[in-house]
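Visitor: Dumping what Swiss-Prot says about this protein:
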type     : residues : note
REGION   : 1-61     : region 'Disordered'
COMPBIAS : 1-28     : compositional bias 'Basic and acidic residues'
MOD_RES  : LYS7     : N6-acetyllysine
COMPBIAS : 36-53    : compositional bias 'Basic and acidic residues'
MOD_RES  : LYS37    : N6-acetyllysine
CROSSLNK : LYS149   : ubiquitin cross-link
Amino acid sequence: MAPKAEKKPAAKKPAEEEPAAEKAEKAPAGKKPKAEKRLPAGKGEKGSGEGKKAGRKKAKKSVETYKIYIFKVLKQVHPDIGISSKAMSIMNSFINDIFEKLAGESAKLARYNKKPTITSREIQTAVRLVLPGELAKHAVSEGTKAVTKFTSS
């Protein structure tokens with residue numbers, strides 16, 4: 001059975017090459033010039049496109065994560081404890097979810113009040129609505145402190 005398996009890939013490779021050759025032969029009539037324009041541009045972009053791809057990768061990398069900040073807070077609270085990448089991912093998702101809830105709620109509040117701008121007041125009210133009890137109180141006090149520090153500097 002091993003020789004048959006070896007024969008099949010050998011038979012498939014020429015079969016794969018033949019359609020490519022046939023496509024190249026069929027394409028010259030009208031589509032090959034367009035294909036040539038696209039292929040060299042693609043090849044040219046690979047050389048200079050690595051910068052573009054790197055640019056695209058940079059754009060993908062600009063997706064904000066809170067991993068650095070989660071780690072900093074963890075080290076402030078428990079300096080000798082680490083965190084797994086899966087736990088970090090869960091925490092990052094948690095923060096993104098809370099952020100989306102707060103943003104949505106503050107946008108609703110701005111709409112209800114017929115205001116075009118989300119201010120710290122809408123954010124504070126959204127925090128009180130989204131977060132439960134004591135957690136909301138602490139979040140509001142920390143947020144107020146952060147806004148005061150920001151405006152004073």
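Backbone N, Cα and C atoms are what each Cβ position is placed from, and that goes for glycine too.
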Visitor: Determine the Cβ neighbour count for LYS149 (ubiquitin cross-link): the number of other Cβ atoms within 10 Å of its Cβ.
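Guide: That number is 9.
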Visitor: Please state whether DSSP places the residue listed as 'ubiquitin cross-link' in a helix, a strand or coil.
Guide: helix
